[in-house]
Amino acid sequence: MEYKDIATPSRTRALLDQYGFNFKKSLGQNFLIDVNIINKIIEASHIDCTTGVIEVGPGMGSLTEQLAKNAKKVMAFEIDQRLIPVLKDTLSPYDNVTIINEDILKADIAKAVDTHLQDCDKIMVVANLPYYITTPILLNLMQQDVPIDGFVVMMQKEVGERLNAQVGTKAYGSLSIVAQYYTETSKVLTVPKTVFMPPPNVDSIVVKLMQRQEPLVQVDDEEGFFKLAKAAFAQRRKTINNNYQNFFKDGKKNKETIRQWLESAGIDPKRRGETLTIQDFATLYEQKKKFSELTN
């Protein structure tokens, strides 16, 4: 029996009709209907017969089936119960796919990887991420104690640009710092709205993030470090001096201490957050230990 690619307008429409499926806007459902785009995603991910893939939001399986053809195993998390019978149908030719009907943010990913991908030499996250929760999903996966080698993911263009942004640019912010702390980021391609059904309201981008062997800087408390960096961008037009006065408890009373702390790290208090590198924030984080008055 010959199987037609799912990622075509005609096959997707036929499946929608067959299952009486209606898109849920609340779940950010936009299905890929262009095999060429999917092939570029596969190519960028460098998956092969030794790779285990984690997919989030497989939809009707348009990307999943191509992953199954190229990877050793695919584990796909789908939150929408209505899509489970569709996926069981569309992916029936492939015995290397596991569909998990669960919210990726609530799932025990380490256990799932140990159960389904334990015999894979490397693990990649390859997905057309639901746009409304792209950032929480990525941060959750980056911070898992799971040997993920990298990500090739489709997302809203604006979010992708923030992940990949360089210091001093408009898009650079706390998300750039977290992503680049854990991974080396690069843009794969920009994707037009026309390759989705239904078309999203925003432009899309595919971004590649490869896990670093070691984080970009060494800190003893990642959560505290990220909070400190995020505070510098609380009000982008304000100086870091002003932002940190608002961030720290009794910051207004400790203006002079904040100024001394910034200067001890070699940072001009009049600078804005977007001009500070990740290394600058790491220095600030270390220097803060010398100023016991600065608490939050």
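The first residue you see is number 1, and the count goes up from there.
Cβ coordinates come from backbone N, Cα and C, glycine included.
From a predicted model like this one, the values you see are computed outputs, not experimental measurements.
Note on ASP103 (S-adenosyl-L-methionine binding site): other Cβ atoms within 10 Å of its Cβ, all shown chains, come to 13. Feature annotation from Swiss-Prot assigns S-adenosyl-L-methionine binding site to ASN30, LEU32, GLY57, GLU78, ASP103, ASN128; the stated evidence is sequence analysis.
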Legend entry - DSSP-derived structure type at ASN30 (S-adenosyl-L-methionine binding site), helix or strand or else coil: coil
Legend entry - Packing count at GLY57 (S-adenosyl-L-methionine binding site) (other Cβ atoms within 10 Å of its Cβ): 26
Inset, instruction - Using all protein chains shown, find which of the binding-site residues ASN30, ASN128 scores highest when you count other CB atoms within 10 A of its CB. - result: ASN128
Inset, instruction - With an 8 Å cut-off on Cβ-Cβ distance and a minimum sequence separation of at least 6, pull the same-chain contacts of LEU32 (S-adenosyl-L-methionine binding site), or say none. - result: ALA7, ILE38, GLY59, SER62, LEU63, ASN128, MET154, VAL195, PHE196
Legend entry - Cβ neighbours of GLU78 (S-adenosyl-L-methionine binding site) where a neighbour is any other Cβ within 10 Å: 25
